[in-house]
Amino acid sequence: MALQDLGENLQPWCPLGLSLEWVKTVWDLDFTEIEPLDPSIVGEILETGRDAFTKLYGSLFPFATDESGSLESIWTFFTENDISSNTLVALFCHFVQEAHKKSASAQYREYGLHAAGLYFLLLEIPGIVVNQVFHPVMFDKCIQILKRSWPQESNLTQKRKKDHSKSSKDNYRKSRKRGKPPRKEDYQVDELSREEEEEEEEIYFSGRDLCQIRDAIFNLLKNFLRLLPKFSLKEKPQSIQTCIEVFVALTSFEPIPHKFLISQARNLNEVKHISELAYYGLYLLCSPVHGEENKVIGSIFHQMLNVILMLEVGEGSRCAPLAITSQVINCRNQAVQFVSSLVDELQASVYPVLGTLLQHICAKVVDKAEYRTYAAQSLVQLLTKLPSEEYATFIAWLYKYSRSSKIPHRVFTLDVALALLTLPERELDDTVSLEHQKFLKHKFFVQEIIFDRCLDKAPTVRSKALSSFAHCLELSSSNTSESILEIFINSNLVPGIQNLSNTVLNPSPVLTSRNGYSAQSRTHNNDEQTLPGERCFMTMLRKRIKDEKINVRKSALQVLMSILKHCDILSMEQDLLILQDHCRDPAISVRKQALQSLTELVMAQPTCVPVQKAWLMGVIPVVMDCESTVQEKALECLDQLLLQNIKHHKKFHSADRSQVLAWSLLALLTIENQDLRRYLNKAFHIWSKKDKFSSTFINSVISHTDTERSAPAWMLLSKITCSSPKLDYTKIIESWERLSREQSPNSNTLGYMLCVIGHIAKHLPKGTRDKITGVIKAKLNGFQWSPELISSSVDALQKLCRASAKTVLEEQGLLKQVCGDVLATCEQHLSNILLKEDGTGNMDEGLVVKCIFTLGDIAQLCPAIVEKRVFLLIQSILASSAHSDHLPSSQGTTDALDSQPPFQPRSSAMPSVIRAHAIITLGKLCLQHEDLAKKSIPALVRELEVSEDVAVRNNVIIVICDLCIRYTVMVDNYIPNISVCLKDSDPFIRKQTLVLLTNLLQEEYVKWKGSLFFRFVSTLVDSHPDIASLGEFCLAHLLLKRNPTMFFQHFIECIFHFNSYEKHGQYNKFSQSERGKQLFLLKGKTNKEKRMRIYKFLLEHFTDEQRFNVTSKICLNILACFTDGILPMDMEASELLSDTFDILNSKEIKLLAMRAQTSKDLLEEDDVALANVVMQEAQMKIISQVQKRNFIENIIPIIISLKTVLEKNKIPALRELMNYLREVMQDYRDEINDFFAVDKQLASELEYDMKKYNEQLAQEQALTEHANATKGPEDSDRVPSAQVAPDLEAVPALAAAPMAAAAAAAPMAAAAAAAGQDNADVPPTQSRPSAPRSNFTPTLPPISENGPLKIMSSTRPMSLSTIAILNSVKKAVASKNRTRSLGALPFNVETGSPENPSSHESSLSLEKESDRTVNHVTKRAISTPENSISDVTFAAGVSYIGTPATFFTKEKHEAQEQGSDILCLSLLDKRPPQSPQWNVKSPARSHGSTRSSRRSLRKAPLKTAN
């Protein structure tokens, strides 16, 4: 029966007109190329449509499932009826191939799926002929139709599909490595895909079509899975690979709504989703039937990798990242779940393959934050399936991976470590080796992976590591959080950490290196060089907080906040201050992070007063930030902690931490941090515009005025009423009446109350206003209130009078009426004290202060009623100076100031506190009366210089600066006197002057004239670090913004000014007083570091254009002046040139475009940053070429010429020139070679000079190291008796005549001693060989008569020749205790007695320098003989006679060497003999060429050293 049905259903598939040749061709071509089938035959087959496939399938199905019985054989039936299986397969292939086309209709796609199902059914039928039916290409096509028959992205509109394709390609191109253009093949593939898309756009699929195709795919897949267990693919690896690719692609075909388990998919009849069938197909492929397990599983995992990493999957896929949607995430979760199930079932056999998968996840994860996070979660989830031994092995590999040279690898390791920390810690297992047991502990992830990455050289990695630390400490799992804290505690990483039970754990406060070993052995190529102490967590964190990269600082602040949450704040107040200071960080995002961190910290520790104060000092001033987003963040933090927690006092609960915190903060603002209240005015003004203060809120504040929180409540009301005066006035007036009657009211509360009354005055009834006015007037008349309340009282009086008056004139009349009596009382009281004989003897100091203060405030309100008598009274107070008689007059004042007498001389002496208040009052009077100001300003300036009282000087500065706004021209002449206060002995005065001058300069009341700029920038090197920091802020962030060229315009003159060089015709020519010069003196070697700090600060804030121009200006205005002989070459010039070359050699003067490294670790999602890098590289190339051209054409010629001049004059600045020349020869080697191409001899000389100079530096460094290594313990307690400068001039590479060079050392020493005596008492700072200082001239004390001179270890290394000559001097002095006589020298040296230290300094300098050149160790120049000209002795009364070099026998030579420690000097009346000329001819001269005068000067004949 089955065979009969089969015969009927096979009829359409056995058309009579079918060409056997066509069938043969299909098989011969291995199904790769199929010729079109005759349409009539196709029509004959499809006459019944889909039934042709389904009926044949129904007929064949019983034979595949053995339902037809064993008596019937389909293959026998085929043979008997002459039915060819090859023909059937060829016809099936035709329909399969048609369905593969993108232009295929829904019907043909369905036909193709059915045809593939018939082919699989033939393979399923048992029998020997099955091997003839199978063909690998046909098999693969039938499998691939499962994927290709489904219309691509059919659920999208055509436009959306086109846009997505374009976007996907764009994203792929963006993800390509920069600088690597797409290949030609990529463009060709793009063209093909574009054509295919256009073809596909013409096809429309209805919902019904899609459902039919989906059902056909489902049925075909189910049938194929029924075939897989029966049909082995063991010998068909390509078919297995095709199956895996198709199955993996189908896993994301449709979502699986329920939790997927492989065991459920084994019953195919119960499976409803294609994705489930695909996973079951992958599971079936893992059967031993299809080959070696691990190979197949490895291929499956390889394909599943893209699903897990959320990349494109499929044939021809470029593995571009997919948009992260819920469907993509679900596919990832299902893939991880499948791999986990497979590992659970196969156990140990699959562990190696799983390890490979985990490694590939690490290596191929997309370098974007979200992809990394999901990949790390997947990896950790799979890692839990491994037993401890394999787990530890993988962690060991991960640890090595964390030290990869690629930044994305190191970043992803941190994601993995963070994910692993969320898991419970594994217990130790006996199967794990001892060396691998550490990998099971959380401590390893924290200390060995995350901590080490905090020291990474890449800022992206450092930032990620710090963020990981912060996340560790904020983990929601209490167990994990405790374990992290436990790691810190046990490692002594952080002092005073609190555990979660709020108990304070205080390990050793000493921050030691963790694990007790040195960090130097742990450094890696990807890590920064760390010192032994930097392995401590807090040391590292403090360094990261100062990191140059913004994201690193942000992350470090997060970590610091997390640490402080769990710490004893009292032991970490310095770190709390760091968090506070970063609210003013230059970077906007860092400021926001600091605000957020401080807010979170104060909410975590609401009862900690230091944290509360830090929050106030950090957050409140930021409401004035110039960046609106930062300002909004600060307002948000204030609103969150202050306003939102203010409730009615009936709802106040001490257990409510937020309410308690709000009132605690307000109380601190009221009492301790009153200076911050001015910033609150800005905040409340902004809030009032937003209608922030409702009547409910205001009434809630008022309800606290009668509680213990009254002072902060009144303070808050004073801010609110300024903008929202809708208050319950009755309650306020009642409180006023009660408090005003008290004998000693609280000053703070009463002051705020007066402020509130002033704001609501216009809303009060007239009777109430008059009553309050009377009370205030009476209190002022009786001086019953403290000075703190006087200003508030006067302000309240003014507002009350304004509220009572209808016009301005009426207001003035009321003020005169009210204030006139108070003013008269003050005048009478002062007259009684100052004009009566015994007035000062019985005066009440506090009462006088109140009187003076009241008078000043009243005078400002009513200047018309103030009589001249009041002026005289105030002036008489100031005239009574207790120190005006004995203090010398300042030398730095103008003639008018010198002749200015004290205000009005008087014999009485007033206390300083009264004089200080009198100055403030005088300033208020001067603001209203110009004539008084003209008389008072010179006297005030005089007082500024002679007064010893800090309060008096401070008030004088404030008054003069205020008067500068009112009378700018009048005060302008005295700005130099004010700027002198920048060097006042008191730090407070210096800081006050700095702030006031900054304000005046910002508003342009004061101009940068004369010495003001140079005095202002000298604050950068103030001895007080806070003042230096404030100076930096004022200059860089306030003043430079108003005048961007300010630094550039003054830079050249800075070099002259700070070296006190006044020989230039243009620079440093402004007038200065001697006192000012001495106060701001920065010349000399001792101040070299300070000067360089100023120069570098200015250069750091130059633009690249300014750096380029200032380099040229330095060469033209400084260096060229010396090469052209405009300026004299002397010791003053040496200091100036030394500074100049150090500036040119500094990294700060190099163009940013040239010294900035292209960022290799851009932020992941920042495509704009990538474009910026490309622009930066192009800009750098252009600027570099311009800079190099300018350098070669304009700078190098000047440098070379100046080198010759310095060598000729033996100037110590030659050392700095050589340093600079060495650097530029490295930076511009090719350009310099081109420059010297025309003068190869000069080039060889310069190269030789540099070689010898480098050798000398290396020799000095070696000697220093040797001296440090051999120095005995007793040497450390000795005080060095001599500081020996390095031997610069003795090196033949720097001078053609080395002995003449040594001879020039003594006048330099003498000149230095005369010009820079301020350096004698200060030891020179230690210098490094790579960047030596210009400490050329040694300073030696006189030789002791009791013993030989002892040379101790100096701060600078000594050459071998120096050591030799000093040893000779020591021996000579020890053996001959008698007076030495000096012969005539070929240059002028001041001689003196042995008791004169300067005499010894000069002579010893001479001896030291001269012997350096004689010593045989010294390297010789090109034209210098190897042996010395003659032996030199050191003895009295022996004259020198020059003789030609003589060759001795061995005995005579040994005899000569016995006296080698004797030095002989010529007599004063003798001229040194000329040395013999060397018979050496230059090849260049032999051809008649003449050398330049400059070169002939360099190669002068040798002179004798004496």
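The chain as shown is numbered from 1 upward.
Even glycines carry a Cβ here, placed using N, Cα and C.
Per-residue confidence over the coiled coil (1213-1270) averages 79 (mean pLDDT, predicted model). For 1213-1270, the entry in Swiss-Prot reads coiled coil.
Among the features that Swiss-Prot reports, compositional bias 'Polar residues' is placed at 884-897 (among others).
Summarising the annotation, Swiss-Prot assigns compositional bias 'Polar residues' to 1324-1338 (among others).
Annotation comment: Swiss-Prot describes 1393-1405 as compositional bias 'Low complexity'.
The compositional bias 'Basic residues' annotation in Swiss-Prot covers 1492-1506.
Around the Cβ of Ser562 (phosphoserine), 22 further Cβ atoms fall within 10 Å across all displayed protein chains. The annotation phosphoserine is assigned in Swiss-Prot to Ser562 (among others) on the grounds of similarity to another entry.
Summarising the annotation, Swiss-Prot assigns phosphoserine to Ser1359 (among others).
The phosphoserine annotation in Swiss-Prot covers Ser1368 (among others).
Under the heading phosphoserine, Swiss-Prot lists Ser1381 (among others).
Taken from Swiss-Prot, the feature phosphoserine applies to Ser1393 (among others).
Summarising the annotation, Swiss-Prot assigns region 'Disordered' to 154-194 (among others).
Summarising the annotation, Swiss-Prot assigns region 'Disordered' to 884-908 (among others).
As annotated by Swiss-Prot, region 'Disordered' applies to 1317-1353 (among others).
Residues or ranges marked as region 'Disordered' by Swiss-Prot: 1385-1412 (among others).
For 1473-1506 (among others), the entry in Swiss-Prot reads region 'Disordered'.
According to Swiss-Prot, the feature repeat 'HEAT 1' maps to 442-476. For the repeat 'HEAT 1' (442-476), DSSP puts the residue distribution at 27 helix, 1 strand, 7 coil.
Summarised by DSSP class, the composition of the repeat 'HEAT 4' (968-1004) is 30 helix, 0 strand, 7 coil. Between the repeat 'HEAT 3' (574-605) and the repeat 'HEAT 2' (532-567) there are 3 or more Cβ pairs closer than 8 Å, counting only residues 6 or more apart in sequence, so the two stretches are in contact. With DSSP classes pooled into helix, strand and coil, the tally for the repeat 'HEAT 2' (532-567) is 29 helix, 1 strand, 6 coil. Each residue of the repeat 'HEAT 3' (574-605) gets a DSSP state, and the totals for helix, strand and coil are 28 helix, 0 strand, 4 coil.
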